[in-house]
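> I'd like to ask you about the structure that follows.
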Amino acid sequence: MSGEPRPLEIHLRVNSKRGTTMVHPVAAAETVEVPIQYPREEEVKHYRKWFSWLIPLFVVANIVMFVITMYVNNCPRNSVSCIASFLGRFSFQPFKENPLLGPSSLTLQKMGALDVSRVVHRHQGWRLITCMWLHAGVFHLLANMLGILVIGIRLEQEFGFVLIGLLFVISGFGGSLLSALFIQSNISVGASGALFGLLGGMLSELITNWSIYDNKLTALLTLVIIIVINLAVGILPHVDNFAHIGGFLTGFLLGFVFLIRPQFGWVNQRYAPLNYSPGRVKPKFKKYQCILWVFSLIILVVGLSVGLVALLQGVDANDHCSWCHYLSCVPTSKWSCHTEAAYCQSNQLGNQLNVTCSSNGKSSTYFMQNPTSSQIQQLCTQLCS
């Protein structure tokens, strides 16, 4: 009836298209459209995707450095025998000297391998960084580069090249530092510390951003199994597991600092319209995230500083931990963990060279005219092994 007031009827139609929700109150006399835009859950959950270029560049740099190292090695000129001699100066040292198909230890030392005596007594601290760009052989190079590509590209796509680049380099430094504190009689090379740093960063990222992941327990269990298996391989001889452990611990702590994500509630508020008034303002990070951030940063800075000072003062960490050497190698009936450098005495008489191993007393005579120091070292290595 015309004289009676009509009841107000409101109908809500909700349509979602490309993450935009349109709410239309429809009254008798007018229609008001209020657009409210929220980010889709998928966009918030996965955040921005970066283009990965730094990790592939690191891989290329390692490969280039290996090629340069083999060029400098020049096996046909500096060694008695070589593997794959058709490669010329890029051919490999004998299996008995280097089973990984690579250069001699003298060449690696010349190129910047981690040599504790040179770091401490000749102030060559730069070797803590340069050693992570060198590899002992083709097998060593392929194993590390494959792992870095698989893990590093995913992390760089999620967090960008700056954070992952710092995570890679600092983890490599942390691995070299722990290795130098415990393994002081042999040289060390490889990007394994940086690779384990990426694994450690993945683990801490999963922990600190726990609330944003689905199937988190499955992901955590899978990642822990992968880490444990890789660390277990390090107890074999000739594997620098201290570099693995140091890199992993450094990356694990850095993950809490570099790879922290804001919680969903804060992101939703940030992208809400100006006239949106939330009932309670959400903090950007959860309390446990902030606590982990602070403690990890303190432990990381103190640990690296104390370790570096101890190394430069010539401290041997084995003197303070009698059982720690088992973390890098466990002796069995199948192998020995004694990998001291080979030392020999040599005498040259005409074209006759006599070499005697100082460790086992073995002696042998070779007929060589004006042998180089590299050739003598190779013969010494074969004689002492």
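Every residue gets a Cβ built from N, Cα and C, even glycine.
Just so you know, TrEMBL annotations never went through curation; they're auto-generated.
Keep in mind the model is a prediction, meaning the values are calculated, not measured.
When I checked TrEMBL for this same protein, it listed these features:
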type	residues	note
TRANSMEM	50-71	transmembrane segment
DOMAIN	123-259	domain 'Peptidase S54 rhomboid'
TRANSMEM	132-153	transmembrane segment
TRANSMEM	160-183	transmembrane segment
TRANSMEM	189-210	transmembrane segment
TRANSMEM	217-236	transmembrane segment
TRANSMEM	242-260	transmembrane segment
TRANSMEM	290-312	transmembrane segment
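Describe the structural context of each listed feature in the structure shown, including burial, neighbouring residues and relevant distances.
Same-chain residues lying 6 or more positions outside the transmembrane segment (50-71) and placing a CB less than 8 Å from one of its CB atoms are 89-90, 92, 102-103, 107-108, 111, 133-135, 138, 141, 144-145, 148-149, 152-153, 155-161, 164-165, 168, 191.
Below 8 angstroms of C-beta separation, residues 50, 52-55, 58, 114, 116, 119, 127-129, 131-132, 148, 152, 191-194, 196-198, 200-201, 240, 242-251, 254-255, 258-259, 304, 307-308, 310-311, 315-318, 324-325, 328 of the same chain, each at least six residues beyond the ends of the transmembrane segment (160-183), sit close to that stretch.
Proximity of distant same-chain residues to the transmembrane segment (217-236), defined by a Cβ-Cβ separation under 8 Å and at least 6 residues beyond the stretch ends, is recorded for 196, 199-200, 202-203, 206-207, 244-245, 248, 326-330, 335.
Long-range contacts of the transmembrane segment (290-312) within its own chain (CB-CB distance under 8 A, at least 6 residues past either end) are made by residues 116, 119-120, 125, 173-174, 177-178, 180-181, 204, 207-208, 249-250, 253-254, 256-257, 260.
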> Need one number: mean pLDDT over the domain 'Peptidase S54 rhomboid' (123-259).
92
